[in-house]
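**Student:** One structure, as structure tokens, below. Some questions next.
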Amino acid sequence: MAAAVSTQTALSKLQGARALGQLRGVSRAARLFKTATARPSSSSSPAVCSALQLESGVCVVTGGSRGIGKAIALALGAQGCKVAVNYSSSPDKAEEVAHEITQLGGEAIIVGANMGKPEEIDALFKAVTEKWGTVDVLVNNAGITRDTLMMRMKPDQWNDVINVNLTGVFLATQAATKIMSKKRKGRIVNIASVVGLVGNAGQANYAAAKGGVIALTKSVAREWAGRSITCNSIAPGFIASDMTAAIDKKYEEGILASIPLGRYGQPEEVAGLVRFLALDPAAAYITGQTYAIDGGMTMQ
Ligand code: NAP
């Protein structure tokens, strides 16, 4: 009981402190809004990243070598951003993405790092800051599947997916926010999944990781809002990529029947929303949200 009372006291003190912080935040928000709206559009200068709030437009895209991550890296590069294209096992594909980015008017480097390995994640951010000095945007996109029914799922299948798809997102976010917090700005976009919203038979590991990413997104958004760092997640449904190409064709008819728009999404359709959340000045007031891009599968 005594513990409950002191917890209560601590909570009300915390709430008081938060209320004070919120009041201070109002005038700061007004100043930030003034600064943001006073800035001109950058579309005339391809060499500058389109989000003028971001001084250098340095973006890290994990798993940028293929599929959705590739489309995201290209979309950010096409806005004149400096893009670190992370890969795990396909340096050649990452190199092709980097080449395309330079042709589109952006800058790019490729950085190999397994997002399931803490020391490699550290090295990724070290490489980016050594090259460009900062990080403005982090897109946590790298992801894997190890599908099987729970009764057959081995600890390794569980751990591999949790390590890359959830712990990797946590560690990359920790590394990025360390850099972003000093500048008091930054945008983080996490690629979750509709499976993290509604679950899926045969994907207990993946669903737990993606559901975790959605919850992590909200915690990151709350923790870092005071430093104007936003964090949002996107929950794609079925998007055409190597990941979905691996799905047994016998399920395809059933899958398409479950999608109101009657087709798979394209990686570029996910990338368009990432570009908005990561770069557009109009997204500065959006944080802690999860957006499904799923052809209507999970609409309520
Ligand atoms: P994909 O085609 O299989 O591509 C996966 C990307 O992640 C590749 O660039 C791959 O790099 C990289 N990657 C894999 N493991 C990695 C690791 N340990 N460290 C660093 N990079 C790693 O997958 P996708 O369909 O584009 O999926 C991208 C993201 O969207 C994933 O998080 C996935 O869960 C999510 N998602 C996809 C769908 C969909 O329908 N496709 C739906 C919902 C959510 P390498 O080329 O080097 O192997």
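Cβ atoms here come from the backbone N, Cα and C positions, even for glycine.
Heads up, TrEMBL stuff is auto-annotated, nobody curated it.
Sharing the features that TrEMBL gives for it:
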- Y206: active site, proton acceptor (ACT_SITE)
- G63, G64, S65, R66, N141, Y206, A207, A208, A209, K210, I239: NADP(+) binding site (BINDING)
- 57-237: domain 'Ketoreductase' (DOMAIN)
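So where do these features actually land, and what's packed around them?
**Tutor:** In sequence order, T145, R146, D147, V161, N165, S193, V195, N200 constitute the residues six or more apart from Y206 (active site, proton acceptor) in its chain with CB-CB distances below 8 Å.
All protein chains shown were included, and the count of other CB atoms within 10 Å of the CB of A207 (NADP(+) binding site) stands at 20.
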**Student:** Would you mind sorting out which binding-site residues among G63, A207, A209, I239 put a C-beta under 6 angstroms from ligand 1?
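**Tutor:** With ligand 1 as the reference and 6 Å as the Cβ limit, the list reads G63, I239.
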**Student:** Tell me which residues of the chain lie with their Cβ under 8 angstroms from that of N141 (NADP(+) binding site), as long as they are six or more apart in sequence?
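**Tutor:** Spatial neighbours, sequence-distant, of N141 (NADP(+) binding site): V61, T62, G63, G64, I68, G69, I72, I191.
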**Student:** Between 0 and 100, where does the mean pLDDT of the domain 'Ketoreductase' (57-237) sit?
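**Tutor:** Average per-residue pLDDT within the domain 'Ketoreductase' (57-237): 98.
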**Student:** Quick one: what's DSSP say for I239 (NADP(+) binding site), helix, strand or coil?
**Tutor:** strand
**Student:** Over all shown protein chains, what is the count of other CB atoms within 10 A of the CB belonging to A209 (NADP(+) binding site)?
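**Tutor:** I get 28 for this one.
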**Student:** Of all the Cα pairs drawn from G63, G64, S65, R66, N141, Y206, A207, A208, A209, K210, I239, the residues the record ties to NADP(+), which distance is largest, in Å?
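**Tutor:** With G63, G64, S65, R66, N141, Y206, A207, A208, A209, K210, I239 as the binding residues for NADP(+), the largest Cα distance is 25 Å.
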